[in-house]
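Participant: Input: one structure, supplied below.
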Amino acid sequence: MSEPPLSTRVTGDLGSATPETSRVQRRTMVVLVIMQIVGTIGVGVAPSIGVLLAGEVTQNEAWAGLARTASTLGAALLGLPLGDLAARFGRRFALSIGWWIAAIGSAILVAASQGSLVIPLFVGLLLIGAGSAVSLQARFAATDLARPRHKGRALALVVWVGTIGSVLGPNLGVPGEFLSAHSGLTVYAGAFLIAAICLGLAGVIVFIWLRPDPLLHLQRTVPAPTSPIGRRPSRVRLALAELRLNRSARYAVIAIITAQSVMASVMTMTPVHMVHMGGSIEVVGITISLHVLGMYAFSPFVGYLADRMGQRLTIGLGIVVFLASLVIGAVRADETAWVIVSLILLGVGWSFVNVSGSALFSAVVSDETRASSQGGVDALSNLCGAAAAFAAGPLLAISSFSMLSVVAMVALVPLIILTLRGERAPRGDRPAFEGNRR
């Protein structure tokens, strides 16, 4: 019997052609949308309130800088194990476990805030990073059963609905103040208590209602490729081998980690910079909310463009927006209004590059390594983001926000070169590995 075409085996077209698969995909999207809205309220608290809490508890800029990167580091460390859990037991199990780990982290931060405890601060921020990891993996879950021409749009919808929660999350300081006035909790403790409830509820939603599991359904529907008898390579080794052979996957990964590194380094230091300029917690919360709005609000439009025009072009558009943001940040660093504009554009640039890169990666990665590879990419992305955010602290301390923006521009250069000189990335239903296994 002849083997099915490689593009069919890789992208899961067999599974996306049946009425049953279409029904499962529709149900999956509804559950992921509700889960993402609820969960991202809790996730959104870390970039603003978590950053300020780190400075208040540690009272030391070096330790505060390390604490600020802890949630991103947690997302990096947990991304690969959660991806492996998904590969073994399905999306439902991995996503729910991730949300509950984040809820535990947020509960620990309530105690850390209330008692100004340094070690619980680090542990809590590390664990709450699991929320970011599962929020990112949810976008890949949306593509498991999506038709090739709709992968970008399915992914973008899950990213987009996170806007609601992610905009509310940075402003939990407001209800935190209400709880503080009526319960004896600190403002930060009240905010993280609300976040813990939202994160735990997101886990309950996905655990109860994400049935059938989209990844397990895909694995049942699409036959696994045959392999020689013998010891089966680990999922990590398979994923690394695929990156070596697959140029489009490598390009997508570089785009994703570049966007995350540039965004994390500037965004993490913006609340610190604004407080140094005399900004209040309310102004910081609004600024981060607008930044997050830029990250997610245009995602459906970006996904549509990526499906219609090709991912490489939309990545290029994202680079242009990134450059505009960083130029404004470098030139107008001392003006609050312009810093806000810069951060909004930073979010939009991230959206274009991350959504397009993720859609490209989802289109070209094989079903055999899908979940583990996606978890690995998210882990690598968050690890690079954590490293960039950590380096940004000392850089801001010894120089300025303007210099930080200039350094971020330099970090875009490799991606700019690859985008300008590379082959056009596959679109929609083109064969995923065509020309990549030479």
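Cβ coordinates are placed from backbone N, Cα and C, and glycine is handled just like the others.
According to TrEMBL, the protein carries these features:
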DOMAIN    28-426  domain 'Major facilitator superfamily (MFS) profile'
REGION    1-21  region 'Disordered'
TRANSMEM  30-54  transmembrane segment
TRANSMEM  66-86  transmembrane segment
TRANSMEM  93-112  transmembrane segment
TRANSMEM  118-142  transmembrane segment
TRANSMEM  154-173  transmembrane segment
TRANSMEM  185-210  transmembrane segment
TRANSMEM  251-272  transmembrane segment
TRANSMEM  284-306  transmembrane segment
TRANSMEM  313-331  transmembrane segment
TRANSMEM  337-365  transmembrane segment
TRANSMEM  377-397  transmembrane segment
TRANSMEM  403-420  transmembrane segment
Participant: Please tell me whether the transmembrane segment (154-173) and the transmembrane segment (93-112) touch - that is, whether there are at least 3 C-beta pairs under 8 Å between them, with each pair 6 or more apart in sequence.
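Facilitator: Per Cβ check, the transmembrane segment (154-173) does not touch the transmembrane segment (93-112).
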Participant: Are there residues at least 6 beyond the ends of the transmembrane segment (93-112) whose Cβ is under 8 Å from a Cβ of it, and what are they?
Facilitator: 35, 39, 42-43, 45, 50, 53, 57, 74, 78, 82-83, 85-86, 118, 120-121, 123-131, 133-134, 137-138, 141, 185, 188-189, 192-193, 195-197, 199-200, 202-204, 206-207, 210, 213, 371
Participant: Which residues of the same chain, at least 6 past either end of the transmembrane segment (337-365), have a Cβ under 8 Å from a Cβ in it?
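Facilitator: Beyond its ends, the transmembrane segment (337-365) has Cβ neighbours at 10-11, 139-140, 143, 148, 151-152, 155-156, 159, 242, 246, 248-249, 251-253, 255-256, 258-260, 262-263, 266-267, 270, 273-274, 286-288, 290-299, 302-303, 306-307, 311-312, 314-315, 317-326, 328-329, 331, 373-374, 377, 401, 405, 415, 425-426, 428, 432-433, 436.
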Participant: Mind checking which residues reach the transmembrane segment (185-210)? Cβ under 8 Å, same chain, six or more beyond either end.
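Facilitator: Same-chain contacts beyond the ends: 28, 31-32, 34-36, 38-39, 41-43, 45, 49, 52-53, 56, 91-93, 95-100, 102-104, 106-107, 109-111, 113-114, 124, 128, 131, 165, 169, 172-173, 175-179, 281.
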Participant: So, does the transmembrane segment (377-397) come close enough to the transmembrane segment (118-142) to give 3+ Cβ pairs below 8 Å, pairs being at least 6 apart in sequence?
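Facilitator: Answer yes: the transmembrane segment (118-142) meets the transmembrane segment (377-397) with 3 or more Cβ pairs below 8 Å.
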Participant: If you average the pLDDT over the domain 'Major facilitator superfamily (MFS) profile' (28-426), what number do you get?
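Facilitator: Mean pLDDT across the domain 'Major facilitator superfamily (MFS) profile' (28-426) comes out at 85.
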